[in-house]
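One structure is given below, encoded as structure tokens.
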Amino acid sequence: MDNRGSSQKGSLLLLLLLVSNLFLCKSVASLPICPSGAVNCQVSLRDLFDRAVILSHYIHNLSSEMFNEFDKRYAQGRGFITKAINSCHTSSLSTPEDKEQAQQIHHEVLLNLILRVLRSWNDPLYHLVTEVRGMQEAPDAILSRAIEIEEQNKRLLEGMEKIVGQVHPGIKENEVYSVWSGLPSLQMADEDTRLFAFYNLLHCLRRDSHKIDNYLKLLKCRIIYDSNC
């Protein structure tokens, strides 16, 4: 890895350390969130958004690095990219494709859409980690990122639930998500089929993490700064 890549990764890790346990109701010496003995811990909406944006950006960077590593090691010359277009399990969720489309959507709808996308990745991320562990000579650069993304996706989902609870208190959101049925493909005996299944899943993860990152930045600007940013 070149110096620029090492520096970027170091910066991202530092940001993550700064917001470790960022959505947990704990009192931290440098950032006292809850008074001693508090029962219902509340983090400010601005802090929640700040931390969610940092975390979503971290997840997107990890997913991009993991996809690029897999592409370099396993996908060269196989023509996978032409088959991967519009074949994500989350395609059933109607998500805006760019910032202009997202700006036309009410923030309540966009918040719930983020929740649905994050929930749609719980199952595939769990199985991704399991199946990568089972790969012969699985590269640590891929496995370590898969493990980290699975953990941070759960943390981001928890944070988003807190954000929705503050923006729309009292509203119970149905746990709607897009079901993933790609496990058999990750376990196929045919190498080309199996590698494409991994490639496609990582391609979709990179795509969706980028969307969530953009949606959160837009929502933070709209809700926290009244679109004045």
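Each residue, glycine too, has its Cβ placed from N, Cα and C.
Marked as disulfide bond by Swiss-Prot: C34-C41 (among others).
The secondary structure of C88 (disulfide bond), as reduced to three states from DSSP, is coil rather than helix or strand. Per Swiss-Prot, disulfide bond is recorded for C88-C204 (among others).
When secondary structure is read from DSSP and collapsed to three states, C221 (disulfide bond) falls in the helix class. Same-chain residues at least 6 positions away in sequence with a Cβ under 8 Å from that of C221 (disulfide bond) are, in sequence order, S227, N228, C229. The disulfide bond annotation in Swiss-Prot covers C221-C229 (among others).
Within 10 Å of the C-beta of N61 (N-linked glycosylation site) we count 20 further C-beta atoms, all protein chains included. Classification of N61 (N-linked glycosylation site) by DSSP places it within a helix. If you look up Swiss-Prot, you'll see N61 marked as N-linked glycosylation site.
What Swiss-Prot records for S56 (among others) is phosphoserine. Cβ environment of S56 (phosphoserine): L156, S209, I212, D213, L216 lie under 8 Å away, each six or more residues apart in the same chain.
Taken from Swiss-Prot, the feature phosphoserine covers S64 (among others), and the record attributes it to similarity to another entry.
Spatially close to S120 (phosphoserine) yet at least six residues away along the chain are H89, T90, L93, Y177, S178, V179, W180, D208, judged by Cβ distances under 8 angstroms. Positions annotated as phosphoserine by Swiss-Prot, on the basis of similarity to another entry: S120 (among others).
The feature signal peptide is assigned by Swiss-Prot to 1-30, with experimental evidence given as support.
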I'd like the Cβ neighbour count for C204 (disulfide bond), meaning other Cβ atoms within 10 Å of its Cβ, all protein chains included.
24
Run through the Cβ atoms and count how many others sit within 10 Å of the one on C88 (disulfide bond).
21
Report, in whole Å, the straight Cα-to-Cα distance of N61 (N-linked glycosylation site) from C204 (disulfide bond).
14
